[in-house]
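According to TrEMBL, the feature transmembrane segment maps to 15-35, 47-65, 77-94, 163-183, 235-257, 269-290, 296-316, 323-341, 353-373, 385-403, 423-441.
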Amino acid sequence: MRFGLEKELGKGTNVWTNLIWIFAAFVFILIFWFWQVQNLERKLNGPHYLIGFLILSFLYVLLFFSKIPIRFDQIGFYLGVFLRLFLVFLVPIFEDDWARYLWDGWVIQERGTPYGISPDSFFGDLDPVRAEILSRINHPDWPTIYGPVLEIYFYFSHALFPWKLWALKLFLIIPDLILYFLIRNKFGIRSGLLYFWNPILLKEIFLNAHPDILGVAILFFSIDQAEKGKYRSSFLLWGLSLAVKGFGIVVLPYLVYKFWKQDPDLKRLIVLACHSLLGFLLPYLPFLFFSKETDFLALTKFLGNFSFFPLGYTILLSALGEISRYLWAVPSFVFTFIFLYKKRDRISIEEGIAGAYFLFFLFSPVVNAWYLLWVLPFLFPIDRTFWPSWILLFVGQFSYLNYANMGNWRAVLEKGYYAHPDWLLNSLSIFSFSILGLWFWTRFYRKSSEIATNPSPLG
């Protein structure tokens with residue numbers, strides 16, 4: 001009798017949980033569709049976007065940080081896939097990077113390489129499709145800055161479905177699913193769904209077509225291989241992640257430390273370094289047959305001249321001047337050193353990596369919202385997370401409140417299209433440093449104080 005009652009209660013709980021998932025999917029679709037309609041009518045602005053995003057964020061917090069039971073992930077998983085397929089066919093908002101992705105795919109097909117070829121050399125092209133895409137590319141005087149893994153992806157997408165943005169987005173579901181199952185298998189169902197339903201992930205990857213998920217999946221798989229003792233594949237994959245974007249550099253000290261702690265063999269470490277170099281250089285080979293150019297020169301120009309949504313970087317710049325361009329990553333590596341050699345027994349690997357990424361992006365001169373997704377798989381499990389990185393992940397969405405998206409065209413003419421109000425940058429900088437200080441206090445100082453004031457009765 002008792003077993004039957006528990007079974008009936010379980011059924012009721014499952015029905016209730018399923019209804020919650022369906023309602024959540026409905027709200028997500030409603031908000032994304034609202035943005036789409038406003039965007040197509042040229043009415044979408046920063047405040048409209050932010051209100052919708054805050055609603056999605058609030059719902060996300062209710063779903064995963066409340067007591068809603070998540071025993072099975074079937075309906076959450078299938079609805080998450082449906083959301084992705086829905087977003088694939090929508091038009092990106094506040095973004096034009098997708099035009100460069102499509103353009104690079106075509107240039108590779110025509111020239112064999114996208115490197116060293118600036119789009120403005122094609123001005124006057126009479127083909128209507130190419131002319132339309134070309135008109136949407138920002139900085140057409142710059143050759144591409146994207147790594148070879150991304151360029152290979154752009155090429156295959158164009159070769160299969162020429163000029164189709166939906167195809168470029170659709171194939172990103174593959175690394176996304178790989179990452180979902182890696183997180184789910186390692187941290188459990190709740191963590192898997194927490195990743196799968198992240199509104200920033202859905203919006204930046206499947207609405208706005210940013211392909212960073214390729215690098216994030218490769219990098220996390222590299223860590224997974226290291227934890228299984230498969231260091232050759234781990235270091236090879238790590239090098240491959242750098243051929244997407246260089247953000248994987250943050251993880252290198254952890255890989256080296258983990259290997260060295262298990263097997264302090266310098267010769268073997270050199271062999272592993274060669275594996276990383278192979279993983280990094282191999283994707284360049286197809287392009288080097290056609291040109292000696294790579295993304296290095298354009299990327300160096302980008303890093304040396306451009307800034308966007310700088311938070312802690314503005315403090316470094318005011319204190320150190322232009323040398324800050326070469327020193328902004330130092331705080332991240334200092335944190336890594338302290339973690340590995342002083343606090344290793346008190347912080348998990350994921351928490352340490354997430355903390356290093358927090359400082360890496362906090363002091364970076366360029367912080368695009370989708371860059372912050374590189375930290376997402378390291379924010380699990382939720383009960384041992386570096387929570388300031390969770391907050392920074394969402395703070396990154398304020399980067400869309402630039403003068404252009406706010407409709408302040410006078411400020412655009414005075415300060416630039418991508419500039420932000422000083423009050424916004426200053427407020428978010430203070431907030432970011434405050435939550436970092438709070439984390440240090442709650443994680444170390446408070447616990448040390450409690451131990452000091454409440455000594456063990458055993459002496």
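Using the three backbone atoms N, Cα and C, a Cβ is placed for every residue, glycine included.
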Selection from 296-316, 353-373, 423-441, the stretch that has most Cβ pairs under 8 A to the transmembrane segment (323-341): 353-373
Highest-contact recorded stretch vs the transmembrane segment (423-441), from 15-35, 77-94, 235-257, 385-403, CB pairs under 8 Å: 385-403
Positions on the same chain near the transmembrane segment (296-316), where near means CB under 8 A and six or more residues out: 115-116, 142-145, 324-325, 327-328, 331, 359, 362-368, 396, 398-399, 418, 420, 425-426, 428-429, 432-433
Same-chain residues at least 6 beyond the ends of the transmembrane segment (235-257) whose Cβ lies under 8 Å from its Cβ atoms: 147-150, 212, 214-215, 218-219, 221-223, 225-226, 269, 272-273, 275-284, 332-333, 336-337, 340, 349, 352-353, 356-357, 360, 371, 374
Contacting positions for the transmembrane segment (77-94) when only residues 6+ beyond its ends and CB under 8 Å are counted: 21-22, 24-25, 28-29, 32, 35-36, 39-40, 44, 49, 165-166, 169-170, 173, 176, 180, 193, 196-197, 202-203, 206-209, 400, 405
